[in-house]
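Participant: The repeat 'Solcar' annotation in TrEMBL covers 16-88, 97-179, 191-273. What TrEMBL lists as transmembrane segment is 14-39, 60-79, 99-118.
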Amino acid sequence: MGGGEGGQEKSFNFFQVLLEGSIAGGTAGVVVETALYPIDTIKTRLQAARGGSRIELKGLYSGLGGNLAGVLPASAIFVGVYEPTKRKLLETLPENLSAVAHFTAGAIGGIAASLIRVPTEVVKQRMQTGQFKSAPNAVRLIVAKEGFKGLYAGYGSFLLRDLPFDAIQFCIYEQLRIGYKLAKRELNDPENALIGAFAGAITGAITTPLDVMKTRLMVQGQGTQYSGIVNCAQTILREEGPKAFLKGIEPRVLWIGIGGSIFFGVLEKTKSMLAERRNREVGALKDE
């Protein structure tokens, strides 16, 4: 993954890595979201419920269509930015700082993707909690009542959760792959998926408190229950106790663990298929 890419082809290689990363990321994101959406819905409803409120188990796919419309470009942007950033940092930094390269690239990819991820998440979570019946209706009413900024409700808490999440998850995943390759060989598809599941589950558990606050801020709409991240944390702690920060941890760890397995498995498979196709095309050109 480090240096060694031809100097005269750097611009082409950068574009190629960005394009292939975007395709692989978009494919992986859509597969994961479709497969695991019901678990995410249950997690959201658990986190949004106050006190001993019971959660509704109907409509577990509510908002999937609109969410996929956001997940596809967001996942494509994330991996499309992550891959070339990671390559450039690995070329620039010493080999013993590869973890820094992966961590930084994950955070940068997360910032780029957040511009689409946040509105998608706001609409999705409000539909999951029964506030709206369709994504277009949700967008129209949120903008009408709260302004365009309503689509970015909880943006600060989203970044507070997702930047460390993206950075930690991709760093753990990449470092485990490096360690495995040093000890054995190139990883096969099931091994990539297993490492992805482990990285996802660990990261999901660590960031659950941040996820709870993000959910509360995003679903409150025009409500003034929480005025910001700090106030949200203080209110939850005062009214519901420290255990409330772990609400939904079981479905979250399950969802992100399985999701990590599928995402990284599909990601690496798609990247390898695109690389094989590119190599075949290059070989065909050389033979002409």
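Yeah, the Cβs are placed from backbone N, Cα and C, and that goes for glycine too.
Where the annotation comes from TrEMBL, it is an automatic prediction and has not been curated.
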Participant: Who are the long-range neighbours of the transmembrane segment (99-118) in its own chain, taking Cβ under 8 Å and residues 6 or more past its ends?
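Facilitator: Apart from its flanks, the transmembrane segment (99-118) reaches 70, 73-75, 77-79, 81-82, 85-86, 89-90, 93, 151-152, 154-155, 158-159, 162-171, 174-175.
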Participant: What does the DSSP secondary structure composition of the repeat 'Solcar' (191-273) look like, as residue counts for helix, strand and coil?
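Facilitator: Taking each residue of the repeat 'Solcar' (191-273) in turn, the totals are 70 helix, 0 strand, 13 coil.
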